[in-house]
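Chemist: Got a structure here, written out as structure tokens. Questions coming.
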Amino acid sequence: MTDTVYVLNGPNLNLLGTREPEIYGHDTLDDIAGALEDRARELGLSIDMRQSNHEGHLVDWLHEAQAHDARAVILNAGAFTHTSVAVHDAIKSIRTPVIEVHLSNPHTREEFRHTSFVGRAAKGTIAGFGALSYQLALEAAARF
Ligand code: DQA
């Protein structure tokens, strides 16, 4: 196993910082990546942070995480969380542990966010802590 943790982000997360800041906060994805890299260095890990608005990219990157023998995947699949059987199946198809993260807590929001195809396949879920959700997921990944 390598020391690399893949951090995969789905649709609209490129707009963090300006996108509904009352829900998602003011941190940009670059801010989150920077903080993760700092903590990863302390933990002896390295971060491979990516974002795509396209479902198939997330599927390909999940496969790649296993091929590269990644330590873990931290996955915020955005809206694909609630719709994507393909992302669900990709998580089930790899041995690399996947940690589902969300900035918001989908369970306190609209009904359509209460189903998570990612959560049904992931090792665990961290949601509702804003950018801290990613840090907490990294702490978990460091213990795998
Ligand atoms: C989100 C929650 C999802 O319901 C939403 O579609 C997102 C962001 C979060 O991080 O809180 O895009 O994954």
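Cβ coordinates come from backbone N, Cα and C, glycine included.
In case it's useful when we look at the structure, here is the feature table from TrEMBL:
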ACT_SITE  Y24  active site, proton acceptor
ACT_SITE  H102  active site, proton donor
BINDING   N76, H82, D89, L103, S104, R113  substrate binding site
SITE      R19  site 'Transition state stabilizer'
Chemist: If you measure H82 (substrate binding site) to Y24 (active site, proton acceptor) at Cα, how many Å is it?
Modeler: 17
Chemist: Got a sec? Which of D89, L103, R113, the binding-site residues, have CB under 6 Å of any ligand 1 atom?
Modeler: L103, R113
Chemist: Take the Cβ of D89 (substrate binding site) and count every other Cβ within 10 Å, whichever protein chain it belongs to.
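Modeler: So the Cβ neighbour count for D89 (substrate binding site) comes to 13.
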Chemist: To the nearest whole angstrom, what is the C-alpha distance linking N76 (substrate binding site) and Y24 (active site, proton acceptor)?
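Modeler: Between the Cα atoms of N76 (substrate binding site) and Y24 (active site, proton acceptor), the distance comes to 12 Å.
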Chemist: Can you give me the Cα-Cα distance between R19 (site 'Transition state stabilizer') and L103 (substrate binding site) in Å, rounded to a whole number?
Modeler: 12
Chemist: Compute the C-alpha separation of R113 (substrate binding site) from H102 (active site, proton donor), stating it in Å without decimals.
Modeler: 11
